[in-house]
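Chemist: Have a look at this one before I ask anything.
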Amino acid sequence: MDRNEGGDFPINTPNNINSSGGSYNNSMNNSSNNIGRDIGNNQSSRNLKPKPSQSNLKWIARDLKKKSVRKDSERKLKSSGVLKKKNTVMDFGEDDGGSGDDGNITEGLPISEGMDDLPSSSNSRGGSGNDEQKKQFPKEMNSPSSEYGTTSGGQRFDTLVDPDISLAEMEEKMRQHKVYQEQQQQQQQQQQQQKQKDKELSSQKKKPSSMQLSKKKHVAKEDSETLETIIGEEKKEVVFEVKPYFSHAILQATMAVFLIWNIFYFAYRAGWTMNRTDYITFSYSILFIIVEFISFLGSALHLNNFTNPCTFVLVVTLEQILAKRRKKHPTVMMYVCTYKEPPSIVSRTFRTAISMDYPSENLWIGLLDDSVNYRESRGWAHLQSVEKNFLYVLLQKAVYSVHNIRPPVTSQHEDPHGILNETSSKIESSTKEVIEAEVQWFIEYFLLNSWFGVGQEIPRDADDAERALIAKLRDDNFSPYRTFTKSESEKISNFTIDSLQSLWHGSAFFRPLIRSILLKKDYVRNFVSELNNQHRLRFLNTEALAMAQYQVLMMGRQELPWDEISSGNVRIDFDTCDGPIVSPKCTYLRRRKPPIPHNKAGNINNALFNESTKADYEFLGLLDADQQPHPDFLKRVLPYFYSDEGQDLAFVQTPQFFSNIYPVDDPLGHRNMEFYGPVMEGRSANNACPFVGTNAIFRRQPLYDIGGIMYNSVTEDMYTGMKLQVSGYKSWYHNEVLVVGTAPVDLKETLEQRKRWAQGAVEIFSLTPWGYIRGKLGWRKMLYNLDSCIYPFLSPTAFFYGASPLIMSIWTVPIVVKDPIIFILVGMIPVMVLPRVIQYMILRAKRPYEAGKSGPSLWVEATDLWRAEQTFFGFAGTYISSWREGSASIVKLLKARKISRHKLAMWNWKRDFVKKPVVCEVFRQTKLVNENDNAQESSGKHKAEQSFRTSNKESDTIKNSRLFLPNIILFVVNILAMMSAVLRFNCFQNDMWLLVVVAGFSFSTLWHLWSFIPMALRQSEKQWPYASSYHAHNIVLFLVLGFLVLLFVDVKVCIPRVG
């Protein structure tokens, strides 16, 4: 019987205080009756008063012996910490909240007489006297009165004197219990002292910054409960596992061999060079040693990323975590950033983002349109695509809620061959296609022609207030940088058809608002009804239209809390009305750019600080306009944030994957699998994953704490990731393809992109105090970030290697020695072979497989190793040209700030906040724009508000043709070097091995530049049809055959030796 209910108590319960019918009755009845009477004041139960029996006396001797043996065994187990039970008399110090449900302490004992009404265990838990019992319990157990059973009325049942033991035994047990408590206290004190020492040691190693201290203050909040406080588990919840996929011992041993062998190689080279008497050979050899040493440092710095190759494997899903913690799905804002992408690409990305598998009420999609002028047609197209996609999802959900199109489920005996199920699934898929077609058709018709059936409305005249509001809204100086008040929104919803048409033709940004009003009109439903009567529509009916009601809120501000990133905003919110159908909230945001717009960083910070508050969302996702997320993108990334109790995790990065690029058809190296594979995984294992600008989920608070996306660099993404690491935050990498994008396929756009990346690396390298970064992050993380910034400065080595074959073939200047065996053993193996062996071992290592993945992990192909070397030669000229732009931007910034480079770098990295803008919950009413601003905007002299000019392909080709020249020059130089080496091979027998090395060196350079030259000469907007990199193998074969022919044919073409 349930103890919470009234009724009989079972015999063997702790609430039944038993006594024997013999000599124990007189000593125990008083105490048991007193306790039973005191506790029974608040509760009631049936009395158990069995009649005394003389046979009960026979149990005493046997039961005393049995009970003493049982208690001794339990005492030993309990003192060793193996057994913790509350159903023994030994459990004096257990505190279970005053519960009477402590198990059986009277098993095998006779039933005493004279028992009063006893309380139920369920009602004794919540009594007011429980706290007093907890406080008085230890004292009463040590008091002499407890030994004789003269405890107070608030005493618990398990503190009663056991009638089966004597007074001396009770004293001995009390002494043992006291000793046990003292031992436990001593152990706890020792543990606390050890923890205090560990904290002091860790604080001495790394002192927390002021941002870390302030960050830990708002960690302990009511809404940030940990797993222990909710379900009472002591074991920490495991969300993911870090699994290494390559042996660290083998990897470190191979790197040690690489370093030691290179030291011997450079020592041998230096000794050989110092013994040269030829001035040309000596000078060239010194220069070659310097270039090789720089390459060695770059290789060692790059191999540092591979020291800890691990992959993160999720072991729980987001739903399981939220179910355990009893929490709801967090609110996520997904920002899609666009600048000059075509509206079709932006619309496709927005459609996939709004269709993600996530609760609609917790998902918010925002399109950040950073086009140059708000009057431009591109901005209107972006706004229309936002409305179209929002309405599409809303109508689709409404249709599915009205029509049940799920196929019937048949049992196996009814459909043993699966024919009925297969037919039902086909019917369901065809039905979904019809629904999507009908919804798409209606949206296109409704957006293009929203005035059908106007004659069905009853005409009425507009009043004076309506005309005044129309004139106010049509004022170009007042809209759309303004906020609608509640009264204005109500007036607009009640406008006449003539007023709505007047507003429709006044400004294109008011059309979404007018369409949301028109959709509620009766003639729209009548139009759909007519179509249904004519059998033109099957699923889209008036009931679905009634459920798919949405509202549009026009907001914009001329005065902004943070005016450095915007001088005015246009914001249009699409939200569903109160009803059963909920679609993700959508927002279109456009800013009026200030004189220094800060590009993408300013666009994101405007949305973060000026157009959102802390209560709006907890997590922030960033997507580029051409990156389409997987439906499970959020479900696969958000679990990482729940494994971080201290909220030190700032963001989780996912890889970039391009649908128009394949492993063998990637001549420009867009896949970059080496970086998105072991490099990112190795850094993530040390909590230092870089931010690549897109496909990442941020926690809003860390990004807000550092002042948003960083400025002073065109690669603001890498700068922001470094700033978060310096501020004490962690960043992880989830190697699963969850976002698919498109990459530039022509050489011109690729070179522009790589030049911008290299310029940003130069700016970050110049504005970073590396000593300060090393003190904050340590050597390893500092080298991670240095490797991301130093690669443009290694590009001159590629030019030197490219020009060396021609120099050596003309002047016959040796590299090391003329003996090929020594050159291969001492030079080729440490410099060229060992780094490739290390990379190949790591790149081709087998990754741990994770069940339930939504996308594949990036698998590194064999050609990716060659792509890394290919891009090193192919983009060398582009990287060198970025020095000038990066240095010029730094000099311009220093002149504008009137501060030294070191002071600017220290200020930029030490500050905890760029600026603290205060964002109001309610948007303020804007004022009229100043006449000076209007005149400046109309004149077109404002730099940030110039009209967008489409790119002129001819002018862009002429402007960027200088980026193609280094590749073409290197290609021609190496062709000449190979021809010279082939001809001299038959003339100078003493230099034959040197010429073989020269020919191989020049061939390697030509191989790396092979895919760039046709694209540079053709200037095509499409990808060069470069079928496979393995075509180079055929070229090697023909060259080897040519060498063999020259060896056996008696033809010698001698060229006089220069010098």
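Cβ atoms are placed via backbone N, Cα and C, with glycine included.
Remember, it's a predicted structure, so these values are computed and weren't measured experimentally.
Sequence annotations record features per position, and here Swiss-Prot assigns region 'Disordered' to 1-159, 174-220, 933-953. Look at Swiss-Prot and you will find 15-36, 181-194 tagged as compositional bias 'Low complexity'. Summarising the annotation, Swiss-Prot assigns compositional bias 'Polar residues' to 40-57, 142-154. Residues or ranges marked as compositional bias 'Basic residues' by Swiss-Prot: 204-219. Under the heading transmembrane segment, Swiss-Prot lists 246-266, 280-300, 306-323, 790-810, 813-833, 963-983, 993-1013, 1035-1055. Residues annotated as region 'Catalytic subdomain A' in Swiss-Prot: 328-628. Per Swiss-Prot, the feature active site maps to D370, D717; the stated evidence is sequence analysis. Residues annotated as substrate binding site in Swiss-Prot, with sequence analysis given as evidence: D624, D626. What Swiss-Prot lists as region 'Catalytic subdomain B' is 701-761, and the listing cites similarity to another entry. Residues annotated as compositional bias 'Basic and acidic residues' in Swiss-Prot: 939-953.
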Chemist: Would you mind reading off the Cα separation of D624 (substrate binding site) from D370 (active site), to the nearest angstrom?
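Modeler: Pair distance, Cα basis, whole Å: 12 Å.
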Chemist: Three-state secondary structure of D624 (substrate binding site) from DSSP?
Modeler: strand
Chemist: Count the other Cβ atoms sitting within 10 Å of the Cβ of D624 (substrate binding site), across every protein chain shown.
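Modeler: Around the Cβ of D624 (substrate binding site), 22 other Cβ atoms lie within 10 Å.
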Chemist: Within the compositional bias 'Low complexity' (181-194), count helix residues (DSSP H, G, I), strand residues (E, B) and coil residues, in that order.
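Modeler: Helix/strand/coil tally for the compositional bias 'Low complexity' (181-194): 14 helix, 0 strand, 0 coil.
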Chemist: On the 0 to 100 pLDDT scale, where does the region 'Catalytic subdomain B' (701-761) sit on average?
Modeler: 89
Chemist: Go through 246-266, 280-300, 790-810, 993-1013 and flag the stretch with the largest number of C-beta pairs under 8 Å relative to the transmembrane segment (306-323).
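Modeler: The stretch I would name here is 246-266.
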Chemist: Give me the stretch from 246-266, 790-810, 963-983 with the greatest number of Cβ pairs under 8 Å to the transmembrane segment (280-300).
Modeler: 790-810
Chemist: Please report how many Å separate the Cα atom of D626 (substrate binding site) from that of D717 (active site), as a whole number.
Modeler: 17
Chemist: I need to check the long-range neighbours of the transmembrane segment (790-810): which residues 6 or more away from its ends have a CB within less than 8 Å of a CB in the stretch?
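Modeler: Sequence-distant neighbours of the transmembrane segment (790-810): 284, 287-288, 291, 294-295, 298, 301, 758, 761-762, 765, 872-873, 875-877, 879-880, 882-883, 886, 966, 970, 973-974, 976-978, 980-981, 984, 994-995, 997-999, 1001-1002, 1005, 1058.
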Chemist: So, by DSSP, how many helix, strand and coil residues make up the region 'Catalytic subdomain B' (701-761)?
Modeler: 31 helix, 7 strand, 23 coil
Chemist: About how far apart, in whole Å, are the alpha carbons (Cα) of D717 (active site) and D370 (active site)?
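Modeler: The separation of the Cα atoms works out to 17 Å.
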